[in-house]
Amino acid sequence: MRLDSIEQFALDRDALDPLAGFRDRFLVPRDGDGREWAYFCGNSLGLQPRAVRDAIAHELRCWSELAVEGHFKGDLPWMHYHEFVRDDMALVAGALPSEVVAMNSLTANLHFLMVSFYRPTKQRPAILIEAGAFPSDRYAVESQIRFHGFDPSTDLIELEADEPGGTISDAAIAAAIAQHGERLALVLMPGVQYRTGQLFDIAAITAQAQGVGAIAGFDLAHAFANAPLRLHDWGVDFAAWCHYKYGNSGPGAVAGAFVHERHAGAEFPRFAGWWGSDKDTRFRMGPHFQPTVGAEGWQLSNPPILALAPLRVSLQLFREAGMERLREKSVALTGWLAEQVESRLDDVLDIVTPREPSRRGAQLSLRVRDGRDAGRSLFDWLTARGVIGDWREPDVIRISPAPLYNRYSDVLRFLDATAAWRDARRPA
Ligand SMILES: *Cc1c(COP(=O)(O)O)cnc(C)c1O
């Protein structure tokens, strides 16, 4: 294909995109020349929806005009505020509204959920995670294992990659769960692995883990609002995620948690706080904790309203756009990126992320063939040209076209800039 016909293709696809209008609902940063960035970093921090500013301003106004009465008055009384984000969060997670709650931060939620769901015994003390897990997750599980008096050197099982580039086959996961089955208390896997971009088969892992008597928990930091999720139908025991990545809810946004309905009424060890206590009796201020049935029973504190306001309006966009349409565009857009990298940039870039659309979300992890220094050089070149991905040590560039706001013409800018870098380094 000649370059101009590629450009025509990108423009045509953008013109035909039924979701194209959503880009205008976001604030896209610009470079010094006033040109919008080609922003591929929604896997790290999603762009700001335009509606966020007003949503926060609204709560500031309620605070100034109603003060303490804002808990009960106004169109969005703070007392119930976490419920105003619940249904959209449930939709994105493929959960029942009673199975999800917005609270805390991601790592905190992993800990609080492990308090309930990681209950090691002498016979069954182990946690299985993927090797090279996000450091916070590894710190969390390691410290949980120690907290219970067990030994991470034997009881933290880290599943090594078995595929070229560092991804893990379904067979290797199944084999590890079968091999360690009797010792496994918890399998805690990502939905999408942050470095490789691999999307795991959450339904299969859940069934395998539960099949050996273990709990199936997931960190969905990179999967929430990116990959199709059916947490309820898949029978996942618990999950946690953040909302500042594909969820576009702002830096340090309030996180999410999922607890399957079948655990709703059960007795759990948990670290309790008043906001997890039954709504009907909470304000009697009695001494006994009576958990709210469902995920809300894991709440500790009254929620940060100014931080939940962005979440409320950001998640509404997913309902409006529709998760199926978003996934359809995502598969096509990232598929086009992959196809073009393979046909135009094969001499420079290796794709780390699996090639099957069912095994990836929006993100492609790319490794520059000439090694780490060349990788840094390309990354800096792209950044200087307003093409914003991110760099993950030791040698990966992540490019994540987010279907809510990215266009084919953004992807084309990445392709062209990378080709220009190659040509500048290796004059013909
Ligand atoms: C982004 C991310 C985190 C970040 O944790 P916070 O508690 O939100 O700071 C943790 N784990 C994974 C897998 C992530 O991708």
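Cβ from N, Cα, C; glycine included.
Non-local contacts of Asp219 (pyridoxal 5'-phosphate binding site) by the CB criterion (under 8 A, 6+ apart in sequence, same chain) comprise Leu106, Leu110, Phe134, Asp137, Leu188, Met189, Pro190, Gly191, Ala239, Ala240, Trp241. Classification of Asp219 (pyridoxal 5'-phosphate binding site) by DSSP places it within a strand. Residues or ranges marked as pyridoxal 5'-phosphate binding site in TrEMBL: Leu106, Thr107, Phe134, Pro135, Ser136, Asp137, Asp219, His222, Tyr244, Trp274, Asn302.
DSSP gives Lys245 (N6-(pyridoxal phosphate)lysine) a coil state; it is part of no helix or strand. Annotated N6-(pyridoxal phosphate)lysine per TrEMBL: Lys245, in sequence order.
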Candidate with the highest Cβ count within 10 Å, taken from the binding-site residues Phe134, Tyr244: Tyr244
In the chain carrying Asn302 (pyridoxal 5'-phosphate binding site), residues 6 or more apart in sequence that have Cβ under 8 angstroms from it: Trp78, Trp274, Trp275
